[in-house]
Amino acid sequence: MPPLIFAGECRNLQAKLAACATGEAFWLQGGDCAESFSHFSANRIRDSFRVLLQMAVVMIYGGGIPVVKVGRLAGQFAKPRSADMETIDGIALPSYRGDIINGSEFTADARIPDPRRLVKAYNQSAATLNLLRGFSSGGYAGLQRVMQWNLDFMGRSDEGQQYLELAGQVDDAIQFMTACGMSPDNPLMNETDFYVSHEALLLDYEAALTREDSTTGLWYDCSGHFLWIGERTRQLDGAHLEFARGIANPLGVKVSQKMEPSELVSLIATLNPENTPGRLAVIVRMGADQVHKKLPGLVRAVQQAGQTVTWISDPMHGNTESCNGYKTRRYDRVRAEVEAFFDVHEALGTVPGGVHLEMTGDNVTECLGGGSSIEATDLESRYHTFCDPRLNAEQALEMSFFVASRLRRRKQTRCLLHR
């Protein structure tokens, strides 16, 4: 199969990930928990793309630094599961492991792994990337257009009103730049860089798309620009780590409260032995109550080892709970983990490099709370996820305003220190 992405794009992203490590940029990564075949549509891809761009504009305006936009898209089909079997009404079947492996329907036939699904996932990823490239470079992502996009909640939520006020300020700035001679058609105003990512879980798929770059001789996994290793597959002697250390893509590794400082130092040394900036991101997923307890020791250990990484917060996976028979997350807990992440880095004088969110452009009711005030009784009305609960568009934009406030605070603190 032809490659889905190109080595040069990966090198560009690595440079941007390096900038996030020093505070010169900020990493925004978001998208579905798991992509599906049945929910695939141009409108869904467009809506996720739109919300990510709107979030990025909010963060850029608040933090005064570029935002690197990365979708959990075009490859996020495989899912690790905590149990091999799923039991309903006394019937046990193999767990659903993502559309790239088996079906979500609770039937014996659907749960049989089917290799033809790998080809279908590849084809859907190619179509998704084709759309995203068109959206990014065809004028759809122009700054004026982004600020004019309206979401359903714009008129009824505090975040919507904040966004409309921000849109007015950005429009004034665009008019000023136009008056100074910068055309709205300038590529800087009319295009954006957008990258795709997924967990490198299904090694058969990843290996099949790994290619040698003719210009450098390095090997790249051409299934996505940025790949990460999950909490369940990051063993030092495991196959996933062995695969990842052999490819030149920028990488991430998920880290929970179970990670010991010495283990993290060894993990980083394995994946980034040359200590190359932008090679590796440590994606922290601990739960809101654990960040202050566990993260400082990890950050100090990495500092003492002289290792260069980009620290990213995944506030979703450590805050999952069950409510009325549904897996859910409370927006307040998600926000609290992001806040704790910024607090720890502020206290240590280190850099909070980004956030990694499970989210959608759809108006779903999967996570409790937020400006939309989703309650337990609302979960069943629009609970559409195939795996874990996602922030809806309103909650995601609300999160972007909070992150922007912390970026603004960090910028002000740095200005005071340099006076």
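Using N, Cα and C of the backbone, Cβ positions are placed for all residues, glycine too.
Please treat TrEMBL annotations as automatic predictions, because they have not gone through curation.
In the structure as shown, the Cβ atom of Glu358 (Mn(2+) binding site) sits within 10 Å of 28 other Cβ atoms. Marked as Mn(2+) binding site by TrEMBL: Cys33, His317, Glu358, Asp388.
Secondary structure at Arg72 (phosphoenolpyruvate binding site), taken from DSSP and collapsed to helix, strand or coil, is strand. Taking a C-beta cut-off of under 8 Å and a sequence gap of six or more, Arg72 (phosphoenolpyruvate binding site) has these contacts in its own chain: Gln29, Gly30, Gly31, Asp32, Cys33, Ser197, His198, Glu358. Annotated phosphoenolpyruvate binding site per TrEMBL: Arg72, Glu231, Arg232, Lys254, Arg285, in sequence order.
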Neighbours of Cys33, His317, Glu358, Asp388 excl. site residues, C-beta within 8 Å of centre, Mn(2+): Met316, Thr320, Cys387, Pro389, Arg390
C-alpha spacing of His317 (Mn(2+) binding site) relative to Glu231 (phosphoenolpyruvate binding site), in angstrom: 10
Cβ neighbour count (within 10 Å, all chains shown) around Arg232 (phosphoenolpyruvate binding site): 15
